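J.: My questions all concern the structure below.
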Amino acid sequence: MNEDLKVNLSGLPREYLDAAAAENISAAVSSQAPVAEPEPELIVNPWDIVLCTSGTLISCENAVVVLIIFHNPNLRAPMFLLIGSLALADLLAGIGLIINFVFAYLLQSEATKLITIGLIVASFSASVCSLLAITVDRYLSLYYALTYHSERTVTFTYVMLVMLWGASICLGLLPVLGWNCLRDESTCSVVRPLTKNNAAILSVSFLFMFALMLQLYIQICKIVTRHAHQIALQHHFLATSHYVTTRKGVSTLALIMGTFAACWMPFTLYSLIADYTYPSIYTYATLLPATYNSIINPVIYAFRNQEIQKALCLICCGCIPPSLSQRARSPSDV
C-alpha cells in the first residue's frame with residue numbers, strides 16, 4: 001500500500017508513469033551506445049587543386065617563352081614583342097591561379113580576394129587583347145606586304161602594348177575600386193567577388209573581340225589563298241600544290257579560332273546567364289577550359305615560330321638542326 005501511494009503522488013496514471021520510465025531507460029541505454037560521427041568534409045576542393053595545377057603548368061610553359069624573347073637580342077621585331085606580351089600575360093594568369101589557391105586556404109581575407117581576382121582579370125584580359133593584337137599584326141603584314149616592314153616601327157608596337165596593358169589593368173582594378181559584391185551578396189556573379197555588371201562587361205568585351213578576330217582571320221584566309229595562287233602561277237606549280245598550301249593555311253586559321261572559341265566561349269556565355277545562385281561546379285567546369293587556352297597559346301604562337309624554335313634549340317642543345325635552318329616560310333605560315 002505504501003509503495004502504491006508513493007508511485008501515485010504525482011497524480012498521474014500508472015500507465016503513463018510506466019511509459020515514461022521505459023523512455024528514460026531507453027535514453028540511458030542510447031547515451032551509452034557509440035554514436036556514428038558524420039563524415040568529415042573535404043578540406044581542399046578538388047577543383048581548386050586542378051586550377052592550381054593548371055596555373056603551375058601555365059607559368060612554367062610561358063616562363064620559357066618570356067625568357068627566350070627577353071634574352072635573345074634578335075627577337076625584338078614587333079611580332080616577337082606581341083608574342084612576348086601574350087606569354088607574359090599568360091604567365092601572370094598562371095601565377096594568379098596559384099596565388100588564388102594559396103590565399104583561399106592560408107590567407108583568407110577580403111583584401112587578398114580583391115588582389116587575387118584583380119590580378120586574374122587583368123592578366124586574362126591582357127592575354128585576350130594580346131591575341132587580338134597578334135591577329136591585327138598578321139593581317140597588316142599580309143595586307144601591306146610590300147611596305148609593312150618599313151612602316152611598322154617598334155615604337156608603334158610599344159604604344160599599342162601600353163594601351164593594351166593599360167586597358168587590362170583598368171579592368172583588373174575595378175573590383176579593388178569598389179566593383180565587388182563583398183557588401184551585397186545579391187550582386188555577385190558566378191565568380192565571387194566580381195559583380196554581375198563587371199562579369200557582363202568582360203563577357204561582352206570578349207564577344208566583341210572574338211567577332212573582330214574572326215573577321216580579320218577570314219580576311220587573312222582570303223589573302224593567303226590569293227598569295228598562294230600567285231606564287232603557284234609564278235613558279236608554274238601544279239594545282240595540287242596550290243591546293244595543299246591553301247588547305248594548310250585554312251587549317252591553321254581554323255585551329256587558332258577553334259581553340260580560342262572552345263576554350264573561352266563556354267565560360268563567357270555562362271557568365272552572362274548565370275549568377276551566384278548557380279551551383280559552383282558549373283563555374284569550375286566552364287572556367288577550367290578557359291585556363292587551357294593559356295596552355296595552348298605558347299604552342300600555337302611561340303613554339304611554332306622558326307626563330308623561337310632556333311633560339312630554343314640553341315639553349316637546349318647548343319646547335320640548330322639543319323632541317324630547321326633550311327626550312328623556308330610559306331604563305332600558309334600565318
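We count from 1, first residue shown onward.
Even glycines carry a Cβ here, placed using N, Cα and C.
Marked as transmembrane segment by TrEMBL: 47-70, 82-108, 114-136, 156-179, 199-218, 250-269, 281-303. The domain 'G-protein coupled receptors family 1 profile' feature in TrEMBL is assigned to 61-301.
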J.: For the domain 'G-protein coupled receptors family 1 profile' (61-301), would you mind checking the mean pLDDT of the predicted model?
T.: 86
J.: May I ask you to check whether the transmembrane segment (156-179) and the transmembrane segment (82-108) make contact, with contact taken as at least three Cβ pairs under 8 Å and only pairs 6 or more apart in sequence counted?
T.: yes
J.: Find the member of 82-108, 114-136, 250-269 that has more C-beta pairs under 8 Å to the transmembrane segment (281-303) than any other listed stretch.
T.: 250-269
J.: By Cβ distance under 8 Å, which residues at least 6 away from the ends of the transmembrane segment (82-108) in the same chain are close to it?
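T.: Same-chain residues near the transmembrane segment (82-108) but 6 or more away: 44, 48-49, 51-52, 54-63, 65-66, 69-70, 75, 115-117, 119-120, 122-124, 126-127, 129-131, 133-134, 137, 157, 161, 164-165, 168, 291, 294, 297-298, 301-302, 305, 308.
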